[in-house]
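Feature annotation from TrEMBL assigns ATP binding site to A:Arg98, A:Lys138, A:143-149, A:173-176, A:Glu181, A:His204, A:255-256. Annotation comment: TrEMBL describes A:102-285 as domain 'ATP-grasp'.
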There are 2 protein chains.
Amino acid sequence: MVVGILGGGQLARMLALAGYPLGLNFIVLDPAPDVCAAPVAEHMQGDYDDQALLAELAQQADIVTYEFENVPAQAVAYLADKVAVYPPPQALAAAQDRLNEKTLFRRLGVDTPDFVAVNSLEELQQAMDQVGWPAVVKTRTQGYDGKGQAILKRPDDLAPAWQSLGGVPAIVEAFVPFAREVSIIAVRSTTAEVVCYPLTENSHRDGVLRLSIARPDDPMQGQAASYAARLMKELDYVGVLALELFQADNRLLANEFAPRVHNSGHWTQDGAATCQFENHLRAVLGLPLGSTDAVGHSAMVNLVGTIPAQADVLVNSHAHLHLYGKAPRPGRKVGHINLCAESRAALEAGLKRVLALAGE
Amino acid sequence: MVVGILGGGQLARMLALAGYPLGLNFIVLDPAPDVCAAPVAEHMQGDYDDQALLAELAQQADIVTYEFENVPAQAVAYLADKVAVYPPPQALAAAQDRLNEKTLFRRLGVDTPDFVAVNSLEELQQAMDQVGWPAVVKTRTQGYDGKGQAILKRPDDLAPAWQSLGGVPAIVEAFVPFAREVSIIAVRSTTAEVVCYPLTENSHRDGVLRLSIARPDDPMQGQAASYAARLMKELDYVGVLALELFQADNRLLANEFAPRVHNSGHWTQDGAATCQFENHLRAVLGLPLGSTDAVGHSAMVNLVGTIPAQADVLVNSHAHLHLYGKAPRPGRKVGHINLCAESRAALEAGLKRVLALAGE
């Protein structure tokens, strides 16, 4: 069985590593000459909208999935005509546009911060009366890792912010004074079976995820799982989905979802009975889903721009290193460290050392 | 960092899968055209004693290890002149010859069944007075998975047995009426740090391992670990070593050791804090060793000659499938299933279903 993946980055690499034990083989399609999934997958180099390549991929792969959501919708539609593509194209379309995404959340009763669509500086100025200060303006499409957004604190910020985003269609959202950011990693199978991992608490810096801590038995688990289940049912979803949320008081407000395996689910590689990568593959292949039970207490620390000496990481008992085979560059995610412990206290003690190694 | 592996079978495949997260890349040298490590490693096809290939491997790899012990000793010696090779060549030499191996055990105070070296049918006949009936005659070299041996129950068996082994130098051993077969998987680092996994209880059929059950807190753990430590110290060992033992009453008798990762350690992939494959790589690379703690209760069932439907395996909660990418043939190991449970009772209940799937 051959799985095709659009994108050949670290998520594709980790999908492949999790998939070989299931007897799978992998092809990744990626325009970059040197992708980090290449040592563990066949690399088809070319553009995502190269129809000849897409046709070849459809012929060689039994199923196609993707590791990032900015694949052109028409490429996915073209593929989906020829081969099974999961998650379904409508999930990709919803995730690619922040206005569609937030509108969908609202329609499903999934709470969100207040938001207004804006297509000009004038509309942005008018929208501020509705959403209030401070606020965040975001491009509708192509944003990731904090890119494509600007914070608005006072009227003077509006014109430079609008210019910095390039004057493209955007949405402006109320800035939520959140107590914490969390995410729920959910999985839905072809038979509509849904399982969720324990809620994960996330910390970002400069728009990039730095730390995720799994919180088994979190009081907000039920609400987050219910949001994810509504969304996946509506989209007739198959695969892993990550829903990012802000918690303010006892409310969860949906920020965005990713129709794929997610950085905040990497701790499951060492801290759950079945990792998110294997469960994504099980789901898209129509196999029974694996247990999402946490094993002990776990956290993940991203390595951004720097790789500590392997020995300094591995000397920490129960630390697991996951490198992506990438050369370090400032701001580039080059790996992560998972830390697993028997108690929350032991986890926190170990975490201090691991955060220091990651330069946090 | 590039790791070269002599042999490109399932052990090489699983070493590579465990090694990518550490940032490693892999080259396997194997004469077969189609090896199951090929999708996850560069495959150098050629004979183990092809000096040009060995020189190329030494140049491209930062370190070389092996996944099976019947690599020609002179090939390893040639390599070891050019690049670091672990486990050390003297460990390979000791494991390749049953007479040297058992003599070494004796010298180190590691108990063994009675044995006598025999080089002719006449010597075999004489040796029976010493070892008694029944007994097992084994070729000194090249035996694995029950091949190269014959059981001796009465004098009439001697001539056919001798002939079946091809008249090569052999040893004859007393047949031990053992209560169980166990193995200890031990790891020794370049700094002489030694860690052991929990003792594993093994069941064979037709000379092939079928079932391994991890036994944390087994009363024989200390004795087995002490045997392994003595052996590794004597050989100045680096890497994973598997020592197979018979238990008769409260004594452990060493049967043989393998200077590599071992089938009876596969449960560690899902049932230990760090798996044997990662710990082997950590050891040979001079990195700190990972925790060998068991996580819950685990067992491994080999898939021999047959691959059950994936869904039938994965529907069992906490069952993990590990396929090797091999076509099934009678008697061929094509994969294994690891089963993990929170209690020994739950493990045994699940094991019945998994054994049935494997045709056991």
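Backbone N, Cα and C atoms are what each Cβ position is placed from, and that goes for glycine too.
What you see is a predicted model, and the numbers here were worked out from it, not measured in a lab.
Each of the binding-site residues A:Arg98, A:Lys147 was scored by other CB atoms within 10 A of its CB, and the lowest score goes to A:Lys147. In the three-state DSSP classification, A:Lys147 (ATP binding site) falls within coil. The secondary structure of A:Asn255 (ATP binding site), as reduced to three states from DSSP, is extended strand. Just so you know, the Cβ of A:Asn255 (ATP binding site) picks up 22 other Cβ atoms within 10 Å once every protein chain is counted. Each of the binding-site residues A:Glu173, A:Val176 was scored by the number of other CB atoms within 10 A of its CB, and the lowest score belongs to A:Val176.
According to DSSP, A:Glu173 (ATP binding site) is assigned to a strand segment. Look at A:Arg98 (ATP binding site): DSSP puts it in a helix.
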